[in-house]
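What TrEMBL says about this protein:
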type: DOMAIN; residues: 1-57; note: domain 'IBB'
type: REPEAT; residues: 111-154; note: repeat 'ARM'
type: REPEAT; residues: 154-182; note: repeat 'ARM'
type: REPEAT; residues: 281-323; note: repeat 'ARM'
Amino acid sequence: MPTLEAPEERLRKFKYRGKDASARRHQRIVVSLQLRKAKKDEQALKRRNITSLSPDPASEQPTKEVSLTLQEIINGVNASDPDLYFQATQAARKLLSRERNPPLKLIVEAGLIPRLVEFLKSSLHPCLQFEAAWALTNIASGTSEQTRAVVEAGAIRPLVGLLSSPHMTVCEQAVWALGNIAGDGPELRDFVISSNAIPHLLALVSSTIPITFLRNITWTLSNLCRNKNPYPCQKAVEQMLPILSHLLQHKDSEVLSDTCWALSYLTEGSNERIGHVVDTGVLPRLVELMTSSELNVLTPSLRTMGNIVTGTDHQTQVAIDAGVLGVLPQLLIHPKSFIQKEAAWAVSNVAAGPHQHIQQLITCNMLPPLVALLKNGDFKVQKEAIWAVANFTTGGTVDQLIQLVRSGVLEPLVNLLTIQDAKIVIIILDIITFLLQAAEKLSEKENLCLLIEELGGVDRIEALQLHENQHVALTALSIIENHFCEEEENGTILPVLDQDHEFLKYLKNYQSSTASEPRTKP
């Protein structure tokens, strides 16, 4: 998650138990950019075809190995002799398929794209169509300017036409080219959609096509789900969701990965968008994939489920019913910190729901690994765990807050009061305030104050009164004045706690039958 400029902005980005519960319920904004791009290349926007051998789509026309200079390629592509422009097109494709430093810019500047687009329409020459489509695929894998040059030359409609080619290799190369174009951004994605590409792509999915072809189709579909401002239209989403649900049952990890990424894009944004995916019934399968040992499957399935639990309480409950809370504790202790972080983010959004959801977190033993992250996790992971505790604290019943204290959460929170991130320090101080208010309801505030004192919390909170950030200083001052001054004024000496201390025994014996109504942030 990004480091945001103010707690208020954070509240707008996540479900949170705030003053206005109805506003909180309806405020579902996209997950922050840093989390969404935890690995910049987690799913490639565009990709080049750098295969060294070209399959021959028309066996009756053998290919000839020809090495041409750039000028010879330019002359040949613009020639009227079919043999010459085929050889030149193939030579151009080979240049563009070089693994290192392909001359995309030179080919574009040479003005070859319109001629390559024209070759896409040569239905009597499938080898020429194939070579032209491959060359255009690799040009479209370049910069946005280069991709746009392919589109402006009129490539999309003939590429869509090639999706119906009787030659599978031609068809697959057209799929790849359209995937690169759609991956450039929302404008070109919508151009591909409006050209009626989706029905043709869906018609290609079958159990008989080669796995490499199915992978390309799935990746292209994921790019058609990708990007926002605007999101893909509802009609397109409704067209793709049934086949994505089908592909989610596949065994191939690449197909599963791109399908999960597609669903993660479709669950960004509004609760309505989340609802479309939830209604397909894919959540149990997503939970199953969250147990995968392959990171390329685990990461997008976790991302998708994380998006879903930012939705309505009902949508979150559907995720809970699908078993997500049974998987998250293990992901909180996953060896990869970015998995821990996304799992903690998902937990924080479940904790932002009603106290029934919080109780299910407790029942599923979520607190021990969450406390472990607060103690030992990377700082970015710790921040997500702090948000989970904050949501837990502001939305839980008094009994649930007692269980939170029993889990040992106070010690790592007190230790984190020394960090440099003022916004997170404020959140921790708010958590401590809520816990003190809960203890006061039970006439146990004094004993909780003793526990905080024993953990070194009072010294740290007092020091924060001199913090350079005014919000931190005032929050710390408020805690000291409202909860710790009376003992000092009366000359009371705070005793040292041990394992048999009255408050700790009280926590162990406290029964849930005394739980109060859910609390909201005042």
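Backbone N, Cα and C define each Cβ position, glycine as well.
In TrEMBL, annotation is done automatically, which means it is predicted and not curated.
Worth saying up front: this structure is predicted, and the values here are computed from it rather than measured.
Cβ atoms under 8 Å from those of the repeat 'ARM' (111-154) belong to residues 46-49, 54-58, 61, 63, 73-74, 77-78, 82, 85-86, 89-90, 92-93, 96-97, 102, 104-105, 161-162, 165, 167, 169-170, 173-174, 176-177, 180-181, 184-185, 188, 191 of the same chain, restricted to positions at least 6 beyond its ends.
Residue counts for the repeat 'ARM' (154-182) under DSSP, split into helix (H, G, I), strand (E, B) and coil, are 22 helix, 0 strand, 7 coil. Regional average pLDDT for the domain 'IBB' (1-57) in the model is 45.
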